[in-house]
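In what follows, a structure is listed as C-alpha cells, so that the remarks can point back to it.
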Amino acid sequence: MRLLSLLSVVTLAVASPLSVEEYAKALDERAVSVSTTDFGNFKFYIQHGAAAYCNSEAPAGAKVTCSGNGCPTVQSNGATIVASFTGSKTGIGGYVATDPTRKEIVVSFRGSINIRNWLTNLDFDQDDCSLTSGCGVHSGFQNAWNEISAAATAAVAKARKANPSFKVVSVGHSLGGAVATLAGANLRVGGTPLDIYTYGSPRVGNTQLAAFVSNQAGGEFRVTNAKDPVPRLPPLIFGYRHTSPEYWLSGSGGDKIDYTINDVKVCEGAANLRCNGGTLGLDIDAHLHYFQATDACSAGGISWRRYRSAKRESISERATMTDAELEKKLNSYVEMDKEYIKTHANRSS
C-alpha cells in the first residue's frame, strides 16, 4: 500500500513516467462533443445508477423496480435481474440486469448511503494495481471491487452467454461510479467490450490508471454536476487523476434536474480544473440530483447525518467537523490543486 503524504506529492508527480501536462495536452487535442444520443443516454443510465440503491439484494429473475419514480424507463423496458451482490466488509452493492428492449446487459453499482461520513473520513491511500505499469488505485475502491468482482464478473459472463448480441454497460453513481470504472476496466481486459457511465464519481487512481482507462476501447462517459464536491476528491495534490473526458452539467446545481444538452460542457484532461474540479462549496444536493433524484428509491434517502460510531481516534476527531469546517477543508484542497497545477505548469514552461 502507498500512504501518500502532502510532502511526497511533488516527488510523486515528477517521478511519474507520464506527466500531467503531457497526458492532458494529448487529450485536449481530441474533438469531443455531446450528441443527442449521448445526452439521452446520460438521462437513461442514471436510472440504473439510482436503481442500484434498492435492487442490490434482489433475487435472480426479479424485475428491476424502484420506488419514488427512480427508474421508470428501466422498469417499462422490463429489465430483469441476472444476479445481485453486496459486500459485507465494504458495503458495496449492485446488480447485473438484462434489458430486452435496449438489448443491453447493465452492471450497476450503488454509492455510499452516508455521503457525509465518506467526505469527512476520506483517506488517500493507494494500492498498486495490475492493469498497467505504474498503476495506482484508491485502496478503498479497490477493496470494494475485489469484494464483489467474482460475483459481478460471473453474472456478466452468464448474461452474455444467454444474450451474445447484447451490449454491455457499466454504471455507477457516487462511490459506485468509482467501482463501475474499475469493473469496466477489468471486464474490458478480460475480453468484454463495454461502455462506462459514471455520475458524481470521485477520482479513482493515479495518472497511469486514468490514462489506461481513458484509452481503452469503448465509451467513457464521466458526468459531473455543477459544484458537486465528490468528483473533486481525492485531491490532485495526493496523486489522483480523473478519467477523461468530463461531461459537466454547468447549471446552478442544488436540486436542479431540468438540464438541456446546451448545459453540458465537455472538459478534457486528467487534471483539468476548468469544469467541476475548479468549483468550491459543499453542494450535496448537486451530488444527489443528476437529471433526477439519485436516491429516490433508497429507503430514507442518502444520509447527511454526522458519523457517531468511529472506532479510530483520527476518524472520531474528523467526525466532529461542522458543515462549515468540512466545506472549508474541501475548498482548501481545491485551492491547493489550483496552485499545484499552476506551479507545475510554470516549471514545465
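Each residue, glycine too, has its Cβ placed from N, Cα and C.
Feature list (source: Swiss-Prot):
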| type | residues | note |
| --- | --- | --- |
| ACT_SITE | S174 | active site, nucleophile |
| ACT_SITE | D228 | active site |
| CARBOHYD | N346 | N-linked glycosylation site |
| SIGNAL | 1-15 | signal peptide |
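If you draw a 10 Å sphere around the CB of D228 (active site), it holds 28 other CB atoms from the protein chains shown. Cα separation, D228 (active site) to S174 (active site, nucleophile), rounded: 10 Å. DSSP assigns S174 (active site, nucleophile) to coil in the three-state reduction, outside any helix or strand.
Within 10 Å of the Cβ of the residue listed as 'active site, nucleophile' there are 30 other Cβ atoms, across all protein chains.
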